[in-house]
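Visitor: Residues or ranges marked as pyridoxal 5'-phosphate binding site by TrEMBL: R75. TrEMBL lists R97, S98, Q105, R313 with the feature substrate binding site. Annotated tRNA binding site per TrEMBL: R271, R398, K463, in sequence order. Residues annotated as N6-(pyridoxal phosphate)lysine in TrEMBL: K284.
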Amino acid sequence: MNRESFAAGERLVSPAYVRQGCEARRSHEHLIRLLLEKGKCPEDGWDESTLELFLHELAIMDSNNFLGNCGVGEREGRVASSLVARRHYRFIHGIGRSGDIAAVQPKAAGSSLLNKITNSLVLDIIKLAGVHTVANCFVVPMATGMSLTLCFLTLRHKRPKAKYIIWPRIDQKSCFKSMITAGFEPVVIENVLEGDELRTDLKAVETKVQELGPDNVLCIHSTTSCFAPRVPDRLEELAVICANYDVPHIVNNAYGVQSSKCMHLIQQGARVGRIDAFVQSLDKNFMVPVGGAIIAGFNDAFIQEISKMYPGRASASPSLDILITLLSLGSNGYKKLLKERKEMFSYLSNQLKKLSEAYNERLLHTPHNPISLAVTLKTLDEYHDKAVTQLGSMLFTRQVSGARVVPLGSVQTVSGYTFRGFMSHTNNYPCAYLNAASAIGMKMQDVDLFIKRLDKCLKTVRKVQNKDIDNYDQTEDVAIEEMALKLDNVLLDTYKDASS
């Protein structure tokens, strides 16, 4: 309602009451105006009524929501199901145009404005999280792997002779397949073991650049967030190598936004050397549904080139999800989540250390990994060659998600490349182990329940392996125990697929 509407309402209801309602609306509109003027995440989160008012105001700016609109084209925002329309707040046209995902659509001003303000808010949050000199970013409706592929394809036009991507090994399929999908040959650099940690072999990276020739190398593809005992790559040193040899540098920062250490590494790498773009997941860092990522960088022109490489229009769903989330949380709410995650990491670390020592195991010393932890399974592995995998299966059936057990000697072929010791980021890690991570949104009760269930599973596996039937508690969770202990090969394969 505008000023004239309120004035008309005063003829029907007491002017004092109408003016009070008008002031209440202005308080909502004031928040919206500040958002559009500053383009930054509000300090305090919005209530749902303000959010829905804002989204409704944007949606009615799109032509598919015009009263009396007459569409005669092939894409006119027609939706068969009203439930689908409501699910998307009637933003039907998507974002971007055929030549640029960041371009404005003439018949979708509201969706275009949503896209612009979302990218602006995300840029603000990246700066808040620690990368203060980031120049530009945009939300892309693809997960991390395909977003990395888009970066590589953009670099292809700048380096037509290049056919290799130098990649310090991390045993995660999507980042590896992102290079294959883009049509390049990954050059795998094995990590070096320093104490318990697996770290970047800088000498091997530089030697490989010299051996292949800088012009033949598309980029160095490094990683921040990862499963322990691997730790984030030595980004500063890699950035210097890239600057010295004029080789681009793309960083897989999948769930690194939530870690001040990962963001600091990116900031420092850009300060002392070269980082062209860094890619992060929306769902892992902001607790939204899977399907979106943020591509960011320190050169505005290059980030724009990547956005123009995206073919066709794009779904607005990931942008809408992250916009709603950031406006609901506010910058203070997101900072609180980051603080809580750090606290949960310390708590999880302490609890795992206590539990591991009770079973003559130990928490691996991986101080350079700020998110993931690993506990040895040496004594368990000595009982039976399948005991480690059995533990993973039991946790899986007990509804413990996210934990991974990594047995020794696993071999897997990914897109024609064979990896020995797959999941452990190296050919021969000294022991089997179990991973757990403290990610954003984790609560103390999650840790407590995980430790309780892990303790129970460890006891059960050891009793059975020792054939200590007399001490085996048949009355406690019998159905679950039997299911876990009698898993057939199909369920074991299901677990392996889920954990990889």
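Residue 1 is the first one shown; counting continues down the chain.
Every residue gets a Cβ built from N, Cα and C, even glycine.
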Visitor: Could you tell me the maximum Cα-Cα distance in Å between the residues recorded as binding substrate, namely R97, S98, Q105, R313, rounded to a whole number?
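Guide: Of all Cα pairs among the recorded substrate binders, the widest measures 10 Å.
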Visitor: Could you tell me the C-alpha distance between K463 (tRNA binding site) and Q105 (substrate binding site) in angstrom, no decimals?
Guide: 65
Visitor: Please give me the CB contact count at 10 A for Q105 (substrate binding site), counting all chains in the structure.
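Guide: So the number of other Cβ atoms within 10 Å of Q105 (substrate binding site) is 18.
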Visitor: Provide, as an integer number of angstrom, the distance between the C-alpha atoms of S98 (substrate binding site) and R75 (pyridoxal 5'-phosphate binding site).
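Guide: With distance taken Cα to Cα, R75 (pyridoxal 5'-phosphate binding site) is 12 Å from S98 (substrate binding site).
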Visitor: Where R97 (substrate binding site) and R75 (pyridoxal 5'-phosphate binding site) are concerned, what is their Cα separation in Å, rounded?
Guide: 12
Visitor: Using C-alpha atoms, which one of the recorded positions R75, R271, K284, R398 comes nearest to Q105 (substrate binding site)?
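Guide: Nearest by Cα distance to Q105 (substrate binding site): R75.
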Visitor: Consider the recorded positions R75, K284, R313 and say which one has the Cα lying nearest the Cα of R398 (tRNA binding site).
Guide: K284
Visitor: Let me check the 10 A CB neighbour count of R75 (pyridoxal 5'-phosphate binding site). How many other CB atoms are there?
Guide: 12
Visitor: Give the distance between the Cα atoms of R313 (substrate binding site) and R271 (tRNA binding site), rounded to the nearest whole Å.
Guide: 34
Visitor: Roughly how many angstrom lie between the C-alpha atoms of K284 (N6-(pyridoxal phosphate)lysine) and R75 (pyridoxal 5'-phosphate binding site)?
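Guide: Rounded to the nearest whole number, the Cα-Cα distance is 33 Å.
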